[in-house]
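A short worksheet on the structure shown next.
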Amino acid sequence: MTAAIRRQRELSILPKVTLEAMNTTVMQGFNRSERCPRDTRIVQLVFPALYTVVFLTGILLNTLALWVFVHIPSSSTFIIYLKNTLVADLIMTLMLPFKILSDSHLAPWQLRAFVCRFSSVIFYETMYVGIVLLGLIAFDRFLKIIRPLRNIFLKKPVFAKTVSIFIWFFLFFISLPNTILSNKEATPSSVKKCASLKGPLGLKWHQMVNNICQFIFWTVFILMLVFYVVIAKKVYDSYRKSKSKDRKNNKKLEGKVFVVVAVFFVCFAPFHFARVPYTHSQTNNKTDCRLQNQLFIAKETTLFLAATNICMDPLIYIFLCKKFTEKLPCMQGRKTTASSQENHSSQTDNITLG
């Protein structure tokens with residue numbers, strides 16, 4: 001009887017011991033990371049200048065896009081996805097000044113704490129909203145080809161609105177704990193690394209969210225490749241069947257089909273290759289200091305590429321959305337040319353224009 005009671009007590013203590021061991025491992029890795037000083041010269045001098053250019057360009061392009069989309073009704077799934085993409089890009093753009101001032105050390109150290117707890121979290125949240133929306137845009141173009149005449153539920157505006165709301169709420173709720181769990185006291189020393197503001201639970205949640213976001217990216221990436229292989233085949237077959245001799249226009253229209261994949265791959269793929277080893281280095285006590293700094297620079301470089309997405313998405317609006325192009329002030333005088341190109345190949349237009 002005594003042995004049974006002793007066994008029961010040992011089992012009840014086991015989960016607590018396991019949790020403490022897990023937390024100890026995480027904190028050991030974090031403490032080693034904290035002792036490794038970062039070489040911030042590039043981050044402090046070069047990237048703020050580059051981000052400033054991206055911010056000014058992005059605010060100009062997205063403000064213009066906002067003005068145009070205000071005058072376009074949300075009458076199709078394609079337009080709804082584009083409008084949500086624009087909102088995500090605008091929010092990302094508005095988060096950049098905080099990063100610029102913080103990284104350049106032009107603002108007090110308290111701003112860095114704000115960046116770690118709020119603006120950086122919002123930036124990443126809206127970035128992944130944009131990634132999923134680019135996947136939905138590719139899916140919408142895919143459906144337009146395989147079901148061009150069928151009025152299925154997936155092509156109705158109510159579906160696009162519902163799935164867009166779900167995406168925003170899902171990413172908001174998994175991102176919110178990253179703000180709440182950055183609850184350690186901020187000091188001039190601790191804000192140099194955002195991980196310093198997190199406890200063991202915060203670091204584990206950060207890892208989990210990173211894994212979820214990696215899963216989101218690679219799922220969207222693979223599906224997008226599948227969609228555009230089908231689209232490429234359709235475009236090729238369309239050109240073969242049409243006996244048009246205007247090869248120049250054919251090449252332009254073919255290029256438009258792949259603008260989503262190009263933007264997606266150039267902006268987001270490098271960051272996701274660099275993100276996994278960087279996050280691992282922050283909680284692994286075996287990563288040496290030099291490698292940590294190299295991974296940090298790689299992460300910051302690829303993060304800059306991801307931020308350029310706010311300037312690249314307007315290319316999607318221009319190349320793929322006919323209604324957007326027609327509303328642009330600089331395109332008003334080109335309606336006649338656009339109409340002649342529209343009549344050139346109706347099937348290709350159905351693929352590329354929304």
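The backbone N, Cα and C atoms fix where each Cβ goes, and this holds for glycine too.
Different topological domain names are assigned in Swiss-Prot to Thr40 and Glu326, which places them on opposite sides of the membrane. Candidates considered were Cys36, Cys194. The record in Swiss-Prot pairs Cys116 in a disulfide bond with Cys194. Looking at Asn285, Asn343, Swiss-Prot tags one of them with N-linked glycosylation site, and that residue is Asn285. Residues within less than 8 Å, Cβ to Cβ, of Cys116 (disulfide bond) and separated from it by at least 6 positions along the same chain comprise Ser182, Ala186, Val191, Cys194, Leu197. In this chain, the transmembrane segment (162-182) lies apart from the transmembrane segment (50-70): fewer than three C-beta pairs between them fall below 8 angstroms, excluding pairs fewer than 6 positions apart. Proximity of distant same-chain residues to the transmembrane segment (301-321), defined by a Cβ-Cβ separation under 8 Å and at least 6 residues beyond the stretch ends, is recorded for 47, 50-51, 54, 57-58, 61-62, 64-65, 68, 78-79, 82, 85-86, 89, 92-93, 96, 127, 130, 134, 137, 141, 256, 259-260, 263, 266-268, 270-271, 273-275, 328, 352-354. With Cβ pairs under 8 Å as the measure, the transmembrane segment (253-273) is packed most heavily against 212-232, out of 50-70, 78-98, 118-138, 212-232.
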